[in-house]
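So the structure is just underneath, and the comments pick up after that.
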Amino acid sequence: MAILIALIPSLCWGSIGLFSTKFGGNSSQQTLGLTFGGLIFGLLTYFFWVIPHGYVMNSKIIIIGLISGILWTVGQGFQFVAIKSMGVSRAVPLSMTSQIVGNALLGAAILGEWQTVQTWIVGIIGIILIVIGAFWIQTKEKSYSDSEKSSSLSGYIPLIFSTLGFMGYFIAPKLLQRWLNVSSAVINADNGVQYMIAIIFPQSIGMVIGGFLFVYLITHETKNMFDISTLKNCITGFIWAIGNVALFVSIANPNLGQAVSSTLSSLGFIVGAFGGIFLLHETKTHHQMKLITAGTVVAVLGAVVMSNLSYFAQIL
């Protein structure tokens, strides 16, 4: 059951690019719409989950949530920019692969979740398999036009910023609790679930703040910010928020932790790739389809390795 919960974010987040493309709008409208949907979900979580159960909500948790939310907006906003240039089936696999490597290594190295050499060996093997799978999934044919090549290249810079933003969003709740000296009683309540769930509401506020900063400072697309496309993209906010709750619950699970949970949550590139092909009708050659199928198999194999780190480490 724990593994199934950890896979929910990949399903939700892998479909965000599909829904946002279907709903339309520019990068700013998509980002703001998503943050508004996340804020509504955050309010519901606070009033119908956090307050009724008496979870702790103090200034430190609010600060951690705000920072995490702003960093998430950097990640998602720039991912939307990259999708505009590269397409869903190419941008999403590249984005999520970068997150897999970065988040797993952050969780393992900085948070100290991989304690033995055997665990590191197995973890790196799992990461390599997933990266190979994602590379095959997003591979383009060698013969494509100069305009397509230019669009792809212009998407790499926002992808770098997107990856850094998402890495900050993933690591912030665990890392900042140490820096701000959040009490162990708060952190360990209900195996950490209470702490992670309490973060969601202030995080959603940080998302909205980050959304407006992204529009005014990065895209400068201030006209028609509150368009029908913005309203439609609130739905993507709900979809994202469901995945966010599942991720936080998984991170709090001592049998999974940051490194494994973030890796499994980033398998959404498979959803993005096939969704881009079958729902958005992004054209692929027969050769590309074979690579996508093979890449999916290899990536899933890597996910199996990552979700059973202890078992494979014992074998070594």
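Here the Cβ of each residue, glycine as well, is placed from N, Cα and C on the backbone.
Predicted automatically and left uncurated, TrEMBL annotations should be read as such.
According to TrEMBL, the transmembrane segment annotation covers 30-49 (among others).
Under 8 Å from some Cβ of the transmembrane segment (61-83) lie the Cβ atoms of residues 16-17, 20-21, 27, 30-31, 34-35, 91-92, 94-95, 155-156, 158-159, 161-169, 172-173, 176-177, 180, 182, 186, 195, 198-211, 213-214, 218-219, 240, all in the same chain and six or more residues away from its ends. Here TrEMBL flags 61-83 (among others) as transmembrane segment.
Under the heading transmembrane segment, TrEMBL lists 117-137 (among others).
Annotated transmembrane segment per TrEMBL: 153-172 (among others), in sequence order.
Distant neighbours of the transmembrane segment (192-218): 28, 31-32, 34-36, 38-39, 41-43, 45-46, 49-50, 53, 55-57, 61-74, 77-78, 173, 177, 182, 186, 225, 241, 244-245, 248-249, 251-252, 254; these residues of the same chain sit at least 6 beyond its ends, with a Cβ under 8 Å from one of its Cβ atoms. Taken from TrEMBL, the feature transmembrane segment covers 192-218 (among others).
The transmembrane segment feature in TrEMBL is assigned to 230-253 (among others).
Look at TrEMBL and you will find 259-280 (among others) tagged as transmembrane segment.
Look at TrEMBL and you will find 292-313 (among others) tagged as transmembrane segment.
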Is the transmembrane segment (117-137) close to the transmembrane segment (292-313), in the sense of at least 3 CB pairs under 8 angstroms with a sequence gap of 6 or more?
yes
In terms of Cβ proximity under 8 Å, which residues at least six beyond the ends of the transmembrane segment (259-280) contact it?
3, 6-7, 9-18, 21-22, 87-89, 92-97, 99-100, 103-108, 111, 113-114, 123, 126-127, 130, 134, 137-138, 170, 243, 246-247, 250-251, 253, 292, 296, 299-300, 303, 306-307, 309
